[in-house]
């Protein structure tokens, strides 16, 4: 039988959210353990190591707001790549002295709550010690919103004899693509970065597209240490971090123009779009007119502007209509809008072909390649599946987590749809919290900013409960219903609600179609969390363990002693 380990709090995941929460609870005096599937910190930035992988959030917001970290760290680029993010997170682990609190190579497989002592028993597999069991009062899941890859059920997928893998399973040691025949299936955010990078070195690249990708210019720049040192010394960096975290809609340092679309002339509208386009990044979506979100006419105008600008860069007339059709095929922004550096130019290369899967769907995979309706067999040496993720809920429901009735989380949400309070807790799973998941700002926010907002709330809640002697915290079904109504109401106000995709889970066959992100923006989200805390956590049912006589005559004590120390897992 596996040995039992006891801690106050267990954090699952050593990415941005897990490391941040582990540090905060450690600093608060709790005995906290973080477990991570990978052999090092990084979260999704460990697994996503494909060529060109980098953030979509512009410097300085994609980092922790902790000034002690910012002081001694400088970035090399406006949009850092995965290697640099890995180094940054390792730096945070060292700076925060977290190594003794993290167990790597550990996969959590299941968890159940014990009503007798208000603790979770969590089971998993450790690479060195085999099966492990951990007991904790507080169970915190920081798994990332896009950490469960999705691969469509292609006919004959396993027949292909060469390397074939999902973009998030890119070999850590890399793979030599020089001169080889490569296929990329998909044109989402990961595919954009892969295609524009490998097209310069492969012998031949064939891209399989189902839906046009509304990729926008990144406007990448190098950053000098001198610029960053001055930015920090002036106080502007700290001000930017506070502003984006507490005042901006999605945690990005951009904001909409104050004027309405219909107040401007056509020339003024064009000038607003042009200015945003030149700045790049999120500006076309988040610094033009708010009506891009809630007015179909304005949204379609934004699409057409994007299409016209993108088509100027595509030489092949046929490819123009496939990659950037003038008429919107879905709401602009209704699917993720990744940032590119020379994505569209890649299709001007003689060694790059494009197959429109709407006109010529994939029929099957074969030993030597992929068979499509019109082209027949195309032979490849390597196939890359950039086919997306089961976002928001996939990682959570992959773990065998039982509620107080013994029902699995995946079954609860398949019956009722996703039910949460603030996108962080769900009823009948007491003392369990999750970050950057369903019904939170998640996909419409800057990850580190969202994680810190949520983490601050959970930390304060836990410390408040410890101070009051509360041992069981469970959100109410009434609070869940209100939050779900808020999620639905907000989503239905915007033109995105007409678009099928991972924002609603419709990229996964059989998954219930519903909005998986709360679209109210950071200021409103923070206000809701603050009101809950200041109101005494009325959205939660609070209970304490019964007191029993102390056999050593020290008065009344909890029925089960509070754990104050623990040995490392496997010790």
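Backbone N, Cα and C define each Cβ position, glycine as well.
Among the features that Swiss-Prot reports, FAD binding site is placed at 44, 45, 46, 47, 56, 57, 62, with the record citing similarity to another entry. Look at Swiss-Prot and you will find 54, 55, 56, 187, 188, 189, 190, 191, 192, 193, 210, 211 tagged as NADP(+) binding site, backed by similarity to another entry. Positions annotated as site 'Transition state stabilizer' by Swiss-Prot, on the basis of similarity to another entry: 336.
Swiss-Prot feature annotations superimposed on the structure.
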{"residue": "44", "record": "FAD binding site", "Cβ within 10 Å": "22"}
{"residue": "46", "record": "FAD binding site", "Cβ within 10 Å": "22"}
{"residue": "47", "record": "FAD binding site", "Cβ within 10 Å": "22"}
{"residue": "54", "record": "NADP(+) binding site", "Cβ within 10 Å": "23"}
{"residue": "56", "record": "FAD binding site", "Cβ within 10 Å": "19"}
{"residue": "62", "record": "FAD binding site", "Cβ within 10 Å": "22"}
{"residue": "188", "record": "NADP(+) binding site", "Cβ within 10 Å": "23"}
{"residue": "190", "record": "NADP(+) binding site", "Cβ within 10 Å": "27"}
{"residue": "210", "record": "NADP(+) binding site", "Cβ within 10 Å": "17"}
{"residue": "336", "record": "site 'Transition state stabilizer'", "Cβ within 10 Å": "20"}
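Other Cβ atoms within 10 Å of the Cβ of residue 45 (FAD binding site), summed over all protein chains shown, number 25. Nearest Cα neighbour of residue 188 (NADP(+) binding site) among the listed recorded positions (44, 45, 62, 336): 336. Around the Cβ of residue 192 (NADP(+) binding site), a 10 Å sphere holds 25 further Cβ atoms from the protein chains shown. A helical conformation is recorded for residue 44 (FAD binding site) in the three-state DSSP classification. Reduced to three states, the DSSP call for residue 192 (NADP(+) binding site) is helix.
The C-beta environment of residue 57 (FAD binding site), restricted to residues of the same chain at least 6 apart in sequence and closer than 8 Å, consists of 79, 251, 252, 446, 447.
The recorded positions shown are 44, 45, 62, 336; of these, the one with its CA atom nearest the CA of residue 54 (NADP(+) binding site) is 45. Using Cα positions, the member of the binding-site residues 44, 45, 46, 56, 62 nearest to residue 192 (NADP(+) binding site) is identified as 56. Within the set 54, 55, 56, 187, 188, 189, 190, 191, 192, 193, 210, 211 that the record links to NADP(+), no two Cα atoms are more than 24 Å apart, and one pair reaches that distance.
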